[in-house]
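Encoded as structure tokens, here's the structure I'll be asking about.
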Amino acid sequence: MKNSKAALAWGGVLLAGSLWGGGALVAQQLLDAGMAPASLALARFALGLPLLLLGALWSGRSAAQAQDRGAWPRLPWRVKGLMAGTGAAMALSVGCWFVAITHVGAALATVISICCAPVLVTAVSLLRGYERATVPLLTGLAAALMGSALVVAPVGGQDLAVGQWRGVMWSLGSAAAYTLVVLGNARMPQAVSPLAASAWGMAAATLCTAAVACYQGVTWPRGAWQWAGAGYTGVVTTAIAYVIFAWSARRLGPTAVVTATLVEPLVAIVLAVALLGESMGMRQLVGAGLLCASIVGLSRQR
């Protein structure tokens with residue numbers, strides 16, 4: 001039973017990463033079409049929030065026990081703060097990543113934010129005693145980082161202009177905030193359902209992004225395609241993916257979770273090849289193989 005739950009958790013976090021990888025292409029198209037980063041982040045959270053709230057309400061009413069597992073008034077203040085903080089970190093991570101894309105493009109922004117997050121998560125987990133430093137854990141992490149870098153790093157390198165360093169800093173900010181999201185979900189009490197935790201966290205993220213978007217001026221999607229794309233990022237890549245991620249994060253170690261989500265850039269590259277006609281060279285194939293091997297190796301350690 002324990003092994004089957006671990007397998008489901010690994011499948012869940014890989015599915016969440018895959019959904020985020022597909023959403024990255026949609027987000028890139030929407031940003032190129034003129035949506036502001038803060039407005040796109042607001043659309044992601046605001047459009048996904050109603051689905052999460054309905055799911056949390058249904059989950060609470062259909063629970064076998066009389067006590068609701070996610071009713072806000074009944075939650076301890078520590079749990080409320082953890083959910084609100086995780087939601088704020090979620091908003092900060094997505095917002096920083098969108099801003100980074102406008103400065104350095106999706107490829108470099110992704111490789112920095114995605115590859116730095118596992119290092120930060122591992123460092124915090126080891127320092128806080130959440131995990132033990134083992135050879136398989138550190139070896140798998142190093143292999144995953146190398147494979148991810150081979151998949152998404154620009155061919156021949158990329159020289160940065162002075163202004164592009166802003167994009168690098170925004171990407172690092174995204175990685176730091178995502179670290180808090182991973183650790184927050186990993187430390188969430190089992191008494192709170194993943195649906196409830198995701199719903200209240202998403203509510204906090206929506207409020208944060210709404211404040212920034214309103215201050216900067218909201219840019220709305222134009223046309224049916226952009227509204228459909230915004231809806232997809234909100235419902236599929238945010239609401240559904242984050243519930244799956246929250247459920248899986250409680251059953252795996254923080255390092256394993258964040259390493260498995262490195263599948264995100266791999267999925268984005270594969271979809272770009274299949275749908276946009278982009279090429280995938282030998283370097284990317286080697287990186288994909290290394291990334292997949294590291295994830296399989298880490299999964300067998302759990």
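The chain as shown is numbered from 1 upward.
Every residue, even glycine, has its Cβ placed from backbone N, Cα and C.
Curation does not apply to TrEMBL; its annotations are automatic.
Take a look at what TrEMBL says about it:
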- 13-152: domain 'EamA' (DOMAIN)
- 40-60: transmembrane segment (TRANSMEM)
- 81-100: transmembrane segment (TRANSMEM)
- 106-127: transmembrane segment (TRANSMEM)
- 134-155: transmembrane segment (TRANSMEM)
- 166-299: domain 'EamA' (DOMAIN)
- 167-186: transmembrane segment (TRANSMEM)
- 198-218: transmembrane segment (TRANSMEM)
- 224-245: transmembrane segment (TRANSMEM)
- 257-276: transmembrane segment (TRANSMEM)
- 282-299: transmembrane segment (TRANSMEM)
Report the listed stretch (40-60, 167-186, 198-218, 224-245, 257-276) having the maximum count of Cβ pairs within less than 8 Å of the transmembrane segment (106-127).
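Of the candidates 40-60, 167-186, 198-218, 224-245, 257-276, 167-186 scores highest.
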Answer yes if the transmembrane segment (40-60) and the transmembrane segment (198-218) have at least three CB pairs under 8 Å among residue pairs 6 or more apart in sequence, and no otherwise.
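They are in contact.
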Which stretch from 81-100, 167-186, 198-218, 224-245 shares the most C-beta pairs under 8 Å with the transmembrane segment (257-276)?
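Counting Cβ pairs under 8 Å, the winner is 167-186.
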Take the transmembrane segment (224-245) and find every residue of the same chain, 6 or more past its ends, with a Cβ under 8 Å from one of its Cβ atoms.
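The answer is 12-13, 15-16, 19-20, 22-23, 26-27, 29-30, 33, 35, 40, 43-49, 51-52, 55, 90, 185, 194-195, 198, 201-202, 257, 261.
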